[in-house]
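The transmembrane segment annotation in TrEMBL covers 19-36, 71-92, 104-125, 131-151, 163-181, 193-215, 280-301, 316-338, 345-367, 373-400, 412-436, 442-462. What TrEMBL lists as domain 'Major facilitator superfamily (MFS) profile' is 23-466.
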Amino acid sequence: MNLSEGANKSKKELPNKSLLLAVFAACVGGTFQYGYNISVINAPTKYVQNFINQTWMQRYQTNISQGGLTLLWSTIVSMFTLGGLIGTSVGGTLSVKLGRRGTLLANNAFSLTAALLMGLSSTAGSFELLIIGRLLSGMNAGIALCVQPLYLGEIAPTALRGAMGMGTSVFITGGILTGQVMGLKEILGKEEYWPILLSTTCIPAFLQLLTLPWFPESPRYLLIDKGDEESCKKALRQLHGLADSGDALEDIEKEKNNLVGFQAKKPWELFSDRSLRWQLLTIILLNIAQQLNGINAIYFYADYVFGQSGIPMDKIPYATVGTGACECITALTCGMLIEYLGRKVLIMGGYVLMSICCVFFTLTLTFQDFSPVFPYLSMACVFAFILSFGLGPGGVTNILTTELFTQNTRPAAFMIAGSVNWLSFFLISMVFPFIVIGLQQYCFLVFLAVCSLVVTYIFFVVPETKNKTFVEIQNEFQSLKTNKFCSSDGAGTILLSTSI
């Protein structure tokens, strides 16, 4: 009897096959594209710059200045960030009007148009098409980063919400790794292939258009936003199986009853809602920290460290692929651990390990020339930092954004979190070169401070959300904050002392 119950429990903890396929369909055309477009632009850098110079010569019969070339290349690269910010700002609104699945499907229009423009840029002799294409790719990524975690969090059962939500991180790192591999000279890394390389972003878009229509809209969206109970039941049966759909429906109905009379909130309305201030502060700080924690600095120093370790220059791209594979494997590991260890342990553990890596990396870079051992220790620090990032901050941040809010505030929360993330991404892109020039290897002491402060904040403020419904998380968050900022009088009456 006990063995039978244990087997049934184990079976229940495994996701339905349809649920796994739905996660794949949502992610392959979603955050996979974000990761892919971040890394795929690196391989053809020199080739695209040559193309800009040749085009300029054909138009104006003179070579473009070095400053002008740098400006145009920086514009092509940074347009992705601007597009991401635009996409995030409209993603939440679209997810309410078109639904989560509907928005993801419509979002592929940006990706396909971007692929067409970038693929034709060389033939048309127009670097302007690259600029527009990168802008549209960024819009696609911004919408995907806003809406896909929403969809994953809402289709997953409570006990598997963290593991399914890790699909966002797994596919981002998978996209980065795929972009690095596609940019190798043996595949599409030769000069004549760069337009094809940039246009391959259409492949995941086509994959999503072929697969996602077979899976249902978010059950929570169907019942809470649309009031369509029959479609909700049908979606739950497909995603969770007949046996588990009843419990999921009961959970959704509880959340719906708690939100009777409430409409979906706009981002600016969240700032004026005192009951959400700590949740809002949490996602803002975590999304800022995700960009300012030093992961970009690690990738910046990676080539230098690999070169110092004796890796030939023409082999460094293969070592870089190794860093991408390392991050991808760690994201998968985090997905397997998150339902056992919990969100709080993983994200705190990740930041603690990153803090330690910052100290050791600063020391190994400082003493780089003292001993032939130090370059290898620096290389170990690179991989250790990437592993630590993927284990916690890289994957858990988006999951917490999903879990700390209810149905009527979640889309607006993702718009705020996404905007903060993209603005921080833009800021670090602009300021980071000057930080490195000014502080050199000591820049990691700045990142040490960021990581340490985030660990302290999470420890004192953020509750564990593992195996809890969205309503339970909201209630615990409120009671936790009330306990922190309340004091008891002699009669046991709770008196508010301060508020944020």
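From the backbone N, Cα and C atoms, a Cβ is placed for every residue, glycine too.
Contact between the transmembrane segment (193-215) and the transmembrane segment (373-400) is not supported, since fewer than 3 Cβ pairs fall under 8 Å when only residues 6 or more apart in sequence are counted.
Residues 39, 43, 162-163, 166-167, 169-170, 172-174, 176-177, 180-181, 183-184, 189, 299, 302-303, 306-307, 346, 382-383, 386-387, 389-392, 394-396, 399, 466 of the same chain lie 6+ residues outside the transmembrane segment (316-338) yet bring a C-beta within less than 8 angstroms of a C-beta in it. A mean pLDDT of 89 is what the model gives for the domain 'Major facilitator superfamily (MFS) profile' (23-466).
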